[in-house]
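**Student:** Structure incoming, see below.
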Amino acid sequence: MDDGNENNENAQHDEYDEEEIEIPIDEIIIEEVDDDHLLEGEGEFQIITQPSNNNNNSNNNNFGDIYVSNPNTPRNNNNNNNNNNNNNNNNNNNNNNNSNNSFNNNKKNEVSIGISENTNENNNKNNNNNNNNNDDYNDGADERVKTEEEIKKEAENELNQSVPFLSLFRFADNTDKVLMFLGTIAAVINGAAMPTVSLVFGLVVDAFKPTQFNDDPNYDIYDTVRSISFYLLMLGGGVFVLSYLETTLWMIAGERQTSRIRREYLESTLRQEIGWFDTNKANELSSRINSDTVLFEEAIGEKVGRFIHFFSTFVAGFVIGFTKGWQLTLVITSVSPLLAIGGFFTAKMMTQMTKLGQEAYSRAGGVAEENIGSIRTVATFSGEKLAIDKYSNNLKDARTVGYKRSFFNGLGLGFVQFVILGTYALAFWYGSTLISNKVTNSVSDRPWTGGDVVSVFFAVIIGATSIGQASPCLALFAQGRGAAYKIFQVIDRQSKANPFSTRGIKPETLSGEIEFKDVGFHYPSRPDVPIFNGFNLKIKPGQTVGLVGDSGGGKSTIISLLERFYDPCQGEILLDGEDIRKFNVRGLRQKIGLVNQEPVLFATTISENIRYGKEGATQDEIEEAAKLANAHSFISQLPQGYNTLVGEKGVQMSGGQRQRIAIARAVIKNPNILLLDESTSALDAESTKLVQEALDVLMKGRTTIVIAHNLSTIRNADVIIYIKKGVAVERGTHDELMAKQGLYFDLVEKQSHQQMYNLLENGTRSRRSSTFSAEVNPLLDSFHVSKRSLRKNESESNKKDKEDSNNKKKKKSNKKKVEEVPMSRVVKYNRPELGLWCFGFLSAVGTGAVYPGFAMVFTEMLTIFQNPDPNYLTDHANFVALMFVALAVGAGISNFFQGFLFSVIGEKLTYRLRRDCFAAIMRQDVGWFDLPENSTGKLTSHLATDAALVQGMTSQRLGIVLQNILTMVGGLVIAFYSGWQLTLVIIACFPLVVITSKVQMQILAGFSSKDGCGPAGQVASEAISGIRTVASFTTEKQVVELYKKQQKGPSSEGIKKAHISGFAFGFTQLILFCVYCLSFWYGGKLVGSGVFGATDKEISDNCTPQTIPYLWKDYDTCERAQNTIYGFNSMTRVFFAIVMSAIGVGQASSFAPDLAKAKAAAVSVFKLLDTPSKIDPTTEDGDRIDIVGGDIEFKNLHFSYPTRPDNSVFRGFTLTLQSGTTTALVGDSGGGKSTCLSLLQRFYNPVVGEIFIDGHNIKNLNVRHLRHLFGLVGQEPTLFSGTIADNIRYGKHDATQEEIEEASKLSNSHSFIIDLPNGYNTELGEKYTQLSGGQKQRIAIARAIIRNPKILLLDESTSALDADSTKLVQEALENVMKGRTTIVIAHNLLTIQNADCIAYVRAGQIIERGTHDELLEAEGPYSQLWYNQQQK
């Protein structure tokens, strides 16, 4: 098969040819072959003929109707034609030789027997169609495999690339654009309002200019200041409206776009071809829709409006500065390149670090979803610690990246603050020089005044400070751009089989003619392992075709190709004469009905699960389909009937019930083509017979492909085809194949004799014996029984199904008051970072002291400007400039350490919370996961978002809040010291600010606490994890619509939150402007009335005979001037101290939405952490049994599932198993057999009764120790992403490679594993779809065997295996079972007839028990079940 793949690659891509090796002549290789691979009449050797370079047909040596060939070489090898068509050169021989070289490297080359009726025809196929036609289809075909260097280069490019900021808004609709436009206008005007205060303040400064008393002795300061205060009040009203609009409009626009992007991402994910999911983990994809989109929303919501606001402030400040005094402004802006360089570097590094961090978090989310979704397997094999460690390792990667991001974040903040305050030093020094030298202001055409300098300086202060305030927004934008990169990659990817596309043929009906022509195929995740190479198959309309053969031979791949889950790498598949790639994908799949071996149900009602097969189906149609699938009886007996919730992945239903619902889902589709992949494997005998009858009716007139290991289900097929290693080696009717006595004949013989305990006695195969017909006649010929008796049995079987089915959950309306988690508890969780806390707190103190210090220094500078003495101005201005330099250095250092340390604290908290939350989930009992609120989607959503949001209480945001609190306190201390009267009046307004902020936080917390994203996240998670079922039943649009419906609740709450947040923020800003207004008005009054003024000493020191004639008109004027100067100093010190306090309050309140989210998330997180486990598998408590014998006793058990307390599963169940014996449980589907195993493993506790092992009550045993006693092989094996070796080692965590291989040999999996290119290191990938059902089951058996368990639990452990594998695995299990207590659940009674005890379970009670012979003699239910099976 490898040869064929290489030939195809060479034919299609000559430019990628590998080194070519010539073999000049034909070679005859004689190779020894194992006995198992010999066919009848063969000796110990096989003849393999390799083709010469010039003979394309030498692969096949025809001997009449039978040819002998190597299945690993292509039957059609016409690559010379391919190469001539693709490239006019003479590389034909080289291509063939390259294939032959690969051929020689094969470990074994087996002889296959096949029908040669189309051999010559196949050899003459014109393969250039395969290369030329594919481009004509609307969806692509195969892609070249990338080299390692290309992959590395692509990874480097991904790291360096980032989504342009504006592209974040690519999904905005017209409404969003209008909202953003209006929000931008509001933000621009609102941002420009604050620098306007600088003009007002310049007027205030000039209003207090003392030299005015020389010109006008009657000048009244109070009247001037009162007029200025009125302007501020008007400005405050405008700011209130603008702040409301800015915040509300951007929040609404962000909420709308995020909802849309989530839908687009989900739709884009669902439209991808199935092969894409083989290389992209579904759990990471679904995790991204919860975690990455949160960062995306942060980057496009109100933070954008806030950034525009700050940027507008920056621009307006500098515009005012240039207008009032371009010389001074130009000096200040000369340092702006430093800010630009620092900002660019910081943003670039933050973007890269964010992307790496999100990738690590996505991997962690994938681990969480995989393990939570497979919690029963995790619990069985005590894999909780492995899961936690794997999850933690990914979190550690994200944490390490977070540390680096924290460093660059702190560095950026510190650098910006240093440059800004350093610029102030330069500005004041230069401004004082302009005043002292009496330089003419070219704008006002008069000498520079203190008011001019203050207006320019204050405008630039506000503008420059806004850059620092915008820095957190830039960090969020960087995170959003990094998160959007992966999201947009999925959205922009063109699917090769797009179910949403309207292109292609949309057939009204199909006759069902199917033809595979020279098909070559390999799975995208395993390009080196060809499945088909030149595969040919033709099916006539209305035919029923049975596919049989070894596991892994390619049977299920045929179905996948027909469904267009994958496209062939070469060749074509024709449907009614048209290549299926020309059909519309959705239209094609709507005409095909599929029932898989492992049915996938969704966490909704039974009715909705069946309706997935036909959109808009009526209830009558649903019930009719259920009747045909033998599901109506058990459904109608459930308390909620068709409205019963099946639970996540159908966990509330038994295996047989799930399968019957899945069959009903296919039946209601009324397809033209029916694909049945082991569709009755999970059913008991009665159900199998009845469902098979229903399927027989359904198959009439339809083309049907049936994959079956149970040959009785395909005995009447029109054609039966034996598939071996991707080649159809035998075909014909049942009678024709039996007459030929070939591989199919062997398979029938093996299956007819298959028993568990006589396999050891019959170690050698009985081939073509003379007594064969007599032995298999009951299996092959007695296919019809009385329908009336079977209907009666069905009624009895289904009568009690309701005990193992789901009851609709009672919905509780919880209108609880929003809980709160004490801040101290969150901080306590960061206790290990006490040292970082101390340094971070000191840094916040330093940063918080900067602004009060600035108020003091700035006030001194204003006082200097008011003094008309130029010598005084020059001397003191230099000192004040040096004080600004000191402030700049301190601010740079404190901001760096504050930003860095608090971010590190936040990263550590996020890591610890996520790890502990996941550990808390892993320690819960299995019954806890049955609850709707604990579904996989909801839990992974909480893990992805809540822990990260809690960081808002302790990380950088908390640092900023602490900083601003200290700023406020420092400012108030200065204000009270400078003028308590004015301070008290202003402080009287503060309760309004505090109350507004508190109300905002409480209301936002109320909205945030509502679990709005959970249901939508659950829909997405289930759809992506069950993508094959979604694709097969073309329910992609339904899923998207359901997701959209689930989004309505969170979206409406988000809009409410936007209005409240906008109003609260606007009202807070209004209060601040009122404070400014009151400060100037009342301050002017205090100065004018003399309350604020100079002391007698200050007057006497400044009003001397030397200064009066030089500066003042007279002594009275000098006295008034000194009172004005010192009064102005007190007033401005109070004012700027209050301004700094107000800035602290304003910035703290701006983080109210984040803090509210953090507090709500903390409630969710700590509620999970505090949830006790009824059955904790991680605790060390409990007894341990030193020497385990294996005696088991179930004593008077009564049990009902936690989600269905009214439906009793067990009613006095009692059973005793002696050590070393085998006990088989048989009976109706849903009767409680699997529940027995669940209770034994303590997935649940019985309501009444006890279970004993060797006399020990299992409730008293350590849970982990208890589960280590068992080896479980379930009906539907669950494997994990990772290598095959990792999955087998999951049974014994410290297993060596030798132990792994030994377990694989015992489970008959070693041979197919070593045939894979990477052997035991083969990555299974997401959902391990590249393995057949039998291969998965054998790996699962190896996983159980490697534990060397004391007690073996087998739940239909061989139901998915073919006859050959079943025999070998049964032999392996027989060896393992020796000396062990074994419980076997089986529908096939042949596998348990030699059990020491057989118990018939019905409705949660054992109605009869005994050996096989004893139960047959009793002629009870077991006897009837046995004879029913023998008559099939």
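Placed from the backbone N, Cα and C atoms, the Cβ positions cover glycine too.
Below are the features listed in Swiss-Prot for this protein:
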type	residues	note
DOMAIN	180-479	domain 'ABC transmembrane type-1 1'
TRANSMEM	185-205	transmembrane segment
TRANSMEM	232-252	transmembrane segment
TRANSMEM	303-323	transmembrane segment
TRANSMEM	325-345	transmembrane segment
TRANSMEM	410-430	transmembrane segment
TRANSMEM	457-477	transmembrane segment
BINDING	549-556, 1227-1234	ATP binding site
DOMAIN	837-1157	domain 'ABC transmembrane type-1 2'
TRANSMEM	838-858	transmembrane segment
TRANSMEM	882-902	transmembrane segment
TRANSMEM	968-988	transmembrane segment
TRANSMEM	989-1009	transmembrane segment
TRANSMEM	1060-1080	transmembrane segment
TRANSMEM	1134-1154	transmembrane segment
**Student:** Report, as numbers and ranges, which residues of the same chain sit near the transmembrane segment (457-477): CB under 8 Å and 6 or more residues beyond its ends.
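**Tutor:** Beyond its ends, the transmembrane segment (457-477) has Cβ neighbours at 165, 191, 194-195, 197-199, 201-202, 295, 298-299, 303-304, 306-307, 309-311, 313-318, 320-321, 324, 328-329, 332, 339, 343, 346-347, 350, 409, 412-413, 416-417, 420, 423-424, 427-428, 431, 956-957, 960, 1147.
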**Student:** In terms of DSSP three-state secondary structure, what is the assignment for GLY1227 (ATP binding site)?
**Tutor:** strand
**Student:** Applying a 10 Å Cβ distance cut-off over all chains shown, what neighbour count does GLY1231 (ATP binding site) have?
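**Tutor:** If we count other Cβ atoms within 10 Å of GLY1231 (ATP binding site), we arrive at 27.
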**Student:** Give residue numbers and ranges for long-range contacts of the transmembrane segment (325-345): same chain, 6 or more residues beyond its ends, CB-CB under 8 A.
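**Tutor:** Beyond its ends, the transmembrane segment (325-345) has Cβ neighbours at 318, 412, 415-416, 419-420, 422-423, 426-427, 430-431, 434, 439, 441-443, 448, 452-453, 455-457, 460, 464, 467, 471, 474.
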**Student:** Count the Cβ atoms, other than its own, that fall within 10 Å of the Cβ of LYS555 (ATP binding site), considering every protein chain shown.
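**Tutor:** The answer is 28 other Cβ atoms.
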**Student:** Return the count of C-beta atoms lying within 10 angstroms of the C-beta of SER551 (ATP binding site), excluding that atom itself.
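**Tutor:** For SER551 (ATP binding site), the 10 Å Cβ neighbour count is 24.
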**Student:** Near the Cβ of GLY549 (ATP binding site), how many other Cβ atoms are there if near means within 10 Å?
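**Tutor:** Taking every protein chain into account, the count is 25.
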**Student:** Restricting to the chain of LYS1233 (ATP binding site) and a gap of 6 or more, list residues whose Cβ falls under 8 Å of its Cβ, or answer none.
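**Tutor:** Those within reach of LYS1233 (ATP binding site), by Cβ under 8 Å and sequence separation of 6 or more, are LEU1225, VAL1226, GLY1227, ASP1355, ILE1385, VAL1401.
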**Student:** Provide the three-state secondary structure of SER551 (ATP binding site) computed with DSSP.
**Tutor:** coil
**Student:** Applying a 10 Å Cβ distance cut-off over all chains shown, what neighbour count does GLY553 (ATP binding site) have?
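**Tutor:** That number is 23.
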